[in-house]
Amino acid sequence: MMKFTKQDFFVLVGGMIIYVVDIGVDFWVASRYFCQGQYSWSILILCFRGLSSIITQIFSYEWFKNDWEGTDTGKLKLVLLVHLFHCGIFIRYWFALKYGCQVAFKQTSSRSASEADLSNFIQKQAVDAVTDITMLRVFKTFLETTPQLFLQIYILMEHGKTHFFQYAAIIMSFCGISLSMVDYQISLRKSLPDKDEFRVLSKFMYLFYKLLTITSWILSISLITLLSVRISVILMIFLWICGFTWTLKQHTTFCKSKKMEYLYRTVVGIILIFSFFNIKGRRTKVCISIYYATHTVVTLGVLFVYIFWKPFIIKEMCFKIVSILTISSLVLGIIFLVVYYSHLHPTTYCRPQACLDEVDGVAGQRERVKTGRFQNFLMQ
């Protein structure tokens, strides 16, 4: 397990600030749409926010309950009350900042064996606390931030009128997605044994691969929605069913209870609508190839539909810009994907016997069963 550094501490503080600002921006944008009489947009934004908050609170409390099993029930009741007010994530930030501050700014002078053991324990507590926050942020990213980005882009394309608050929402969505993706990979490397540091170039390659492929897919869905909202809804429901079914066949074991496991699989199905999600720590070369090949076919298909059945739209500059952005981001995203997994993926730094997953692995899974959740939660 790698150390929790001062840089990690400041990144954690920055992440908490962005989380709070993102909440404020969501309510601000929703209120602006409400004041303009766009009640449906306002309600959708609040629904995305509410859904993601409810699900993240459920998972957060369930993890607290599992980690504190056998401890003071009064303490757990207080935590439940805080989660009912949708503030559970701030308890986790408090623990992460508390432990992170102790290990990041500790004295480096010589210590006795008992002090060293205590320091290692606090180090582990800090890394595990950040890991849990990272997983919750991944849920939030695909339950609220990504749909929010899709909604704002669709509104801009549909109505053409732009306002400052719309750009603010889009910028915050991109920041949220970017931070979530990079934080996830950093936490993965820190919390699992036999993993070397995630190099700077690898971070950027992974970020651009995820961000560009997600952006291209959101633009594609937006174009489909412009053609027909009904078709777009049917497509996303179909994709969710496919993702949920695939998750069932993987026989995931992320949660202790069956109800929570099905909720987890439901969430993974939603994530798979927007980005590939490796949930079992296995080789996924075939699956990821099929996944992005399908995205490419759908993207090219919707553009051809516009060319042959909606030729009058092609003359509009907005469509030209969107189509260019859609194709270019898809091509660049796939290029970054290939380069990342061919040359920059951290599995090349692992010892061969330690790498269980050649895509986004779990090394030493058996040793991690009692020390964290990442062995059953993977995203490549």
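The backbone N, Cα and C atoms fix where each Cβ goes, glycine too.
Automated prediction, rather than curation, is the source of TrEMBL annotations.
Now, the feature entries from TrEMBL:
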TRANSMEM  9-29  transmembrane segment
TRANSMEM  41-64  transmembrane segment
TRANSMEM  76-95  transmembrane segment
TRANSMEM  164-186  transmembrane segment
TRANSMEM  207-227  transmembrane segment
TRANSMEM  233-250  transmembrane segment
TRANSMEM  262-279  transmembrane segment
TRANSMEM  291-309  transmembrane segment
TRANSMEM  321-341  transmembrane segment
Exercise for the section: Sort out for me which stretch, of 164-186, 262-279, 291-309, has the most Cβ pairs below 8 angstroms to the transmembrane segment (233-250). Expected result: 262-279
Problem - Contact ranking winner - 9-29, 41-64, 164-186, 207-227, 291-309 against the transmembrane segment (321-341), Cβ under 8 Å - result: 207-227
Handout entry: Stretch of maximal Cβ-Cβ contact with the transmembrane segment (291-309) [cut-off: under 8 Å; candidates 9-29, 41-64, 164-186, 207-227, 262-279]
Key = 207-227
Practice task
Report, as numbers and ranges, every residue of the chain located at least six residues beyond the transmembrane segment (164-186) whose Cβ falls under 8 Å of a Cβ in that stretch; write 'none' if there are none.
Solution key: 8, 11, 15, 18, 21-22, 25-26, 28-29, 32, 134-135, 137-138, 140-141, 145-146, 148-149, 152-153, 155-156, 198, 203, 206-207, 210-211, 214, 379
Problem - Selection from 9-29, 41-64, 262-279, the stretch that has most Cβ pairs under 8 A to the transmembrane segment (207-227) - result: 262-279
